[in-house]
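Engineer: Before we start, here is the structure in question, set down as structure tokens.
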């Protein structure tokens, strides 16, 4: 049969990985795809860099957009990255040229995904993006196809391996954030500029994509509440352990009568939850279907091999003739859902205060919580040091984010309270 | 658009569940499938039984094969069950009539899957069977499509919810097998005749399907080594706990240079393994891809809702035009792989003996193990009762099944050894 001709834009780790995978398993892929899958054209910044892959005989484009117009390219693989610029220009050009787009670009999909879907439909092509979320775990396929018979009420997960690695090592080795981060950078688990990972933006991109698919909704990326892990301290991790939790950076998308809520933040996950024990660089996604029940997927969320595996799975789908709407349904059928503001969130909270160990402090704090209708499940104090700073931990029953925010603003003004209180939301059991 | 017309054979729990699901989410399914999915014809044993679903206006067939020839049926859903008889006749008739088959029938696929695939190809239709393995977990899709770029070296899992429920309750509540089984039957977690579940046959059917897909191989179902959970005792569960393991009924398919091995048996799973903590009626499947790495899926493996979710996902795939080869590649491309006999298995072993507490017993036992080249990692004895029966547990280093079988045959002949030794294979860390 006629081979599927692939053009790849971006020959970094993932791009080179895709080329290596296609070469290493050419026969297996041809058997599964029903025809050979071959790279015919590439684009990258530097033609002469050694990437461990052969570029002889391939059409070369200094400008990636050239791939869209190459008649020797059936499908364009965009591995440039970023929501704007070259990546977006290539995506638009490929679609306009009637070519299906395979991409690992979570930022592009999270920010421009609906507009791109509309363009893709108009041109009778699709966009495949398994590699954009959770690397080697086929989570897009599971959600868009496997769970297609379900109303999905919740998608939650550990979506950033860098953060999960850092939190895991901090817990296991009792080390500081900065120290573990430096290690992670040396090991290649964290980028030289790790902001997108550590500040939760990468997880938020992935969450927005999962939410769009799960709920069949138009997601405005700017409506995702985002917090990262930089302020998680060793003391919080130790308290979590003591209380039966693990601290994880979670992305959580929920759909209720009130609307859709989207948030990325550190959370206390009860040890009984399967997601609590997913450690190291692993990712996990939990999706709740009304008929299927909870489905959890766990695997490697990044790296050359896993990401290449996802890109090539999309290519095999395309070669097999699988064509699923970008967001699992027609763009015109996507809902405009109300977004529930963070202030309306219902949750239990872990609050940690650093206070001067003197009589009356606790009475002042608990009085403020009571005034805001917040009741406590437990309270922990570590150590005694009259006149000095001691940590106090308060675990609340379920209450609203608005009440907790207002209470903490007042608590922060008490003279005996030395630092801004730490707040970590607690996942239900 | 033209609706997809579905004929359903078998209106038990799953069949009625599919009808309820299609009715309850008709709009959502139409949006995702791109057209309505409607039931037009049904077949069951008793037309008048109340199943909580409306049959008015549907074509009724006393003989399920009639569905295959009904021009008002585009796709036949076979929910009769069993490898032979009516189910097989309907499957063959549907394929011969050029209709795609959706089935939850693991026995049929495990035993006749390759022959049916050949017939399906000849008639340019496919067979979809997401519901045949692990209920609501999209494991067939994950393996056949999500992992398509990978050579899969191993698929292992908890494939039977009844067994996992019983083992979980035995451990958590310290209760006996028979007692927990009776409870499970009352709760509907075990069938009135639970042999297929308890003896590992159900898990073996599912394993054979996973292996065929994972390795692109013709699997002879009769070559699966099958043991069930009836001989697991409370004392083994307690020893497992002490040694840092959980006992799970696992299905394990492995492909090595030596060939393919297929086995279902209870196993000691190290607590560090994610599969160790999957409890109750949940199923889990772990697949190791050479590029993706290990991917784990966990969810509900049975029941009306999860199984209906899987059946309808297959219908939506069909409505979307997704057509994947039955075994992930053409039938002619499937390998005849060598099957590795159980005697060649390499594993560590948990061995439990009931011996008379008298001098020299241990020396005799360990001498026999030494003679067979088996070295021990640890030995545990509980209690002292001179002249009476005491349990002794031996944990071996990795050795072969052949060596252990031969050694145990000799150990069993020692006068001080009171019962046939218990053997549980240990999964690697």
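Here the Cβ of each residue, glycine as well, is placed from N, Cα and C on the backbone.
Straight out of TrEMBL:
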- B:206: active site, proton donor (ACT_SITE)
- B:9, B:10, B:11, B:12, B:13, B:14, B:15, B:16: NADP(+) binding site (BINDING)
- B:106: NADPH binding site (BINDING)
- B:191: L-homoserine binding site (BINDING)
- B:350-425: domain 'ACT' (DOMAIN)
Engineer: What other residues of this chain sit with their CB within 8 A of the center of the CB atoms of B:9, B:10, B:11, B:12, B:13, B:14, B:15, B:16, the recorded NADP(+) site?
Structural biologist: B:8, B:17, B:18, B:44, B:51, B:79
Engineer: Least buried of the binding-site residues B:10, B:12, B:15, going by other Cβ atoms within 10 Å?
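Structural biologist: Per-residue Cβ counts within 10 Å for the binding-site residues B:10, B:12, B:15 bottom out at B:12.
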Engineer: Residue B:13 (NADP(+) binding site) has how many other Cβ neighbours within 10 Å of its own Cβ?
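Structural biologist: There are 17 such Cβ atoms around residue B:13 (NADP(+) binding site).
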Engineer: Could you measure between residue B:13 (NADP(+) binding site) and residue B:206 (active site, proton donor) for me? Cα positions, answer in whole angstrom.
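Structural biologist: So the Cα of residue B:206 (active site, proton donor) lies 20 Å away from that of residue B:13 (NADP(+) binding site).
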Engineer: What are the DSSP helix, strand and coil residue counts for the domain 'ACT' (B:350-425)?
Structural biologist: 22 helix, 28 strand, 26 coil
Engineer: Work out how many Å separate residue B:9 (NADP(+) binding site) and the residue listed as 'NADPH binding site' at their Cα atoms, rounded off.
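Structural biologist: Cα-Cα distance, residue B:9 (NADP(+) binding site) to the residue listed as 'NADPH binding site': 15 Å.
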Engineer: So how many other Cβ atoms are close to residue B:191 (L-homoserine binding site), meaning within 10 Å of its Cβ?
Structural biologist: 14
Engineer: Through the lens of DSSP with three states only, how would you label residue B:9 (NADP(+) binding site)?
Structural biologist: strand
Engineer: Are there any residues in the same chain, six or more apart in sequence, whose C-beta is under 8 angstroms from the C-beta of residue B:14 (NADP(+) binding site), and if so which?
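Structural biologist: The list for residue B:14 (NADP(+) binding site) reads B:79, B:104, B:131, B:304, B:307, B:308, B:311, given in order along the sequence.
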Engineer: Out of the recorded positions B:10, B:12, B:15, B:16, B:206, give me the one sitting nearest to residue B:106 (NADPH binding site) by CA distance.
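Structural biologist: Looking at Cα distances from residue B:106 (NADPH binding site), the smallest one goes to B:206.
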Engineer: Do any residues at least six apart in sequence from the residue listed as 'active site, proton donor', in the same chain, have a Cβ closer than 8 Å to its Cβ, and if so which, in order?
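Structural biologist: Correct list: B:106, B:110, B:132, B:133, B:134, B:159, B:160, B:251.
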Engineer: What is the total of other Cβ atoms whose distance to the Cβ of residue B:11 (NADP(+) binding site) is within 10 Å?
Structural biologist: 23
Engineer: What is the total of other Cβ atoms whose distance to the Cβ of residue B:106 (NADPH binding site) is within 10 Å?
Structural biologist: 27
Engineer: Quick one: pull the CA-CA distance for residue B:10 (NADP(+) binding site) versus residue B:191 (L-homoserine binding site), whole Å only.
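Structural biologist: Their Cα atoms are separated by 17 Å.
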